[in-house]
Amino acid sequence: MSELQTHENKRQQGAYSADVVPAPVGDDGYAVEREDEELAKTHQGEFGTKRDLVSLINATAIKSSLGQYHYYSVLSTIYSDGFFDLKPPRVVSMIAIAGTIGTGLFLGSGGALATGGPVGFWLGYTFIGLSVGCMMMCLGEMSVFAPNVGGMTDMGNKYVDPAMGFMMGINYILQVGLAIPAEMSAIAVMIGYWDTNTAHVPIYIAVFLVVCIAINIVGVRYFGEVEFVFAIIKVSTLIGLIIFGLIADLGGVPPKHEFIGGRYWRDEPFNDTYLDLQPISKARFLGFWAVLTKAAFSYGGIEGISVLAGEAHNPRKTMKMAVKTVFYRIVGIYMLSTLIIGLNISQKSPDLLTAVALGGGTAASSPFVVICKQTGVKVLPSIINAVVMTSALSASNENVYATSRTLMALARQRAMPKIFLKTSKAGIPLAGVAVSFCFGLLAFLSVSSGSNQGFIWLSNLSALSSLVAWISICICYIRFKKALKAQGINRNDLTFRSWFQPYLAWYCVIFFSVILLFNGFASFIGGFNISNFFASYVTLPVIALCFIGWKVVKKTKITKLEEIDLSMGPQVALRGTKHDLGATRYETYSREKE
């Protein structure tokens, strides 16, 4: 008989004292959290809740009036609601690296260069990148402390207010859900680089949407491997393009062998003619500021790594490595890429301005393709277009994944119907995937000229959601850190600690809030443009309605610091606190009184 079976027999026989209430154990031998006991029936589908015993604490000694007993602690480890934790560290790390490398960098960076000039372009992406890195440190500390399927949604619910968790969940669903049709449409447009027959666009959208949904249905293991391959392709291509750009800048690409050096950084560092503003200093600053908002959109989705924690193998170690990877490599990749682009292309380049004016939907608008045209290289544009297509499909896969898991997180908070808790035998939340499919159908709106405007407005609804998510994450962290102090948990005992806190968190809250509030400044220049104004701020009333509405209807209150549930933290950090499973309730109460 296994130790787990022995423990369960003792529990059923009432061998434990009233002071010690071990976690219940399901029929399949996996421990079940008390609040899910009514929902977790089996791991085979219906409200499935499967727990991974691999990373459980071996045994915790509990002294009670009946002596010393051992029981398995689920509160000090990661759990996966209805899922199988089959994402190895290499998969999570690579997804973390490549998660933000997409159309924003491959295609959208050209428009940012034309807006801010080479130096303003590089500074904008660098400032945002470093700030996003600081935000990820906050998110990483909370994710490593208590990994969960809900990610940031669960953090808002636990550390701030249930209304905050609901608002963050809806905001994230809008962000990733509405990104699905946008990516599907982008794929169809990019195929137009080779197939100019617009009648084929609906066919391409349908095919790639089915492929995307299928990848998410077959199982987490296969999803992870597909994303791993896509990530390898994106990172390898980008590294190759950076090397190509450096060689081109030094005049090493035949047949022209033109040496550029730092010409554009010296001669035209900023955009002196942005919106025809005077004086030049104002044009330069506002051009740089416009780059900040474009860069923020390019980094969007990086926070989704927290959702992966619920299905990662050895989640604390994996997430710690992944967060560090994000900060150093993503920031490094963006800084190098934007530097190389700014060194090679003039903000006044006819090829660049023409591509940006046409909307930037295919490889023709990529700044790397502009470098190819300048140097006379003809083979790379098609390769870049193909890679950008895989990037868009990869982003769609991750958005479907994030949408379904966030819906499940909200369902666990009883903010969504219980149907979103149901999983297939492969551990897939099918109801959430079905909702993602419905989001994807919106891509067909982009086919009709009459409905295209509606599609654009829906896309704008998700445009600022990343900034809202980043601000919310840092607010959660500030509350999390205060709760650690209030409950006597030493941060030095945590598996992962972020730097210079809570100052970095406050910096991110203020910095991202300023960008969010002033991102629509162009609407007031040259006369008030109501269409651009609403496109810039349509997200804010939606999330405000979610927060206020949930708070009023459910009458929620901000959770007191002493009442925030930190019991899911690592065992070593909880020693000597009220969450210490190695102490009786009487001992915990005595320590609190002292």
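Each Cβ is built from the backbone N, Cα and C atoms, and glycine gets one as well.
Among the features that TrEMBL reports, transmembrane segment is placed at 91-114, 121-146, 166-194, 201-222, 228-248, 326-346, 352-372, 426-448, 454-478, 504-528, 534-553. What TrEMBL records for 92-561 is domain 'Amino acid permease/ SLC12A'.
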- Item | Recorded stretches the transmembrane segment (534-553) and the transmembrane segment (228-248) touching, at least 3 CB pairs under 8 Å | no
- Residues outside the transmembrane segment (121-146) whose C-beta sits under 8 Å from one of its C-beta atoms, at least 6 past its ends, are 78, 109, 112-113, 115, 152, 155, 159, 288, 291-292, 294-296, 298-299, 302-303, 305-306, 309, 315-316, 319-320, 322-324, 326-327, 330-331, 334-335, 338-339, 341-342, 347, 470, 473-474, 476-477, 480, 494-499, 501, 504-505, 507-508, 511-512, 566, 568-570, 573
- Message: As a test: from 166-194, 426-448, 504-528, pick the stretch that has the greatest number of Cβ pairs under 8 Å with the transmembrane segment (201-222).
- Response: 426-448
- Quick tally over 166-194, 228-248, 504-528 of CB pairs under 8 Å to the transmembrane segment (426-448) gives the top stretch as 166-194
- Outside the transmembrane segment (166-194), six or more residues from its ends: residues with CB under 8 Å to it: 103, 150, 152-153, 155-157, 200-202, 204-205, 208-209, 212, 300-301, 304, 361-364, 381-382, 385, 388-389, 392-393, 395-396, 398-400, 402-403, 406-407, 409-410, 413, 415, 435-436, 439-443, 445-446, 455, 458-459, 461-462, 465-466, 468-469, 472, 539, 542-543, 546-547, 550
- Give, as a single whole number between 0 and 100, the mean pLDDT over the domain 'Amino acid permease/ SLC12A' (92-561). 85
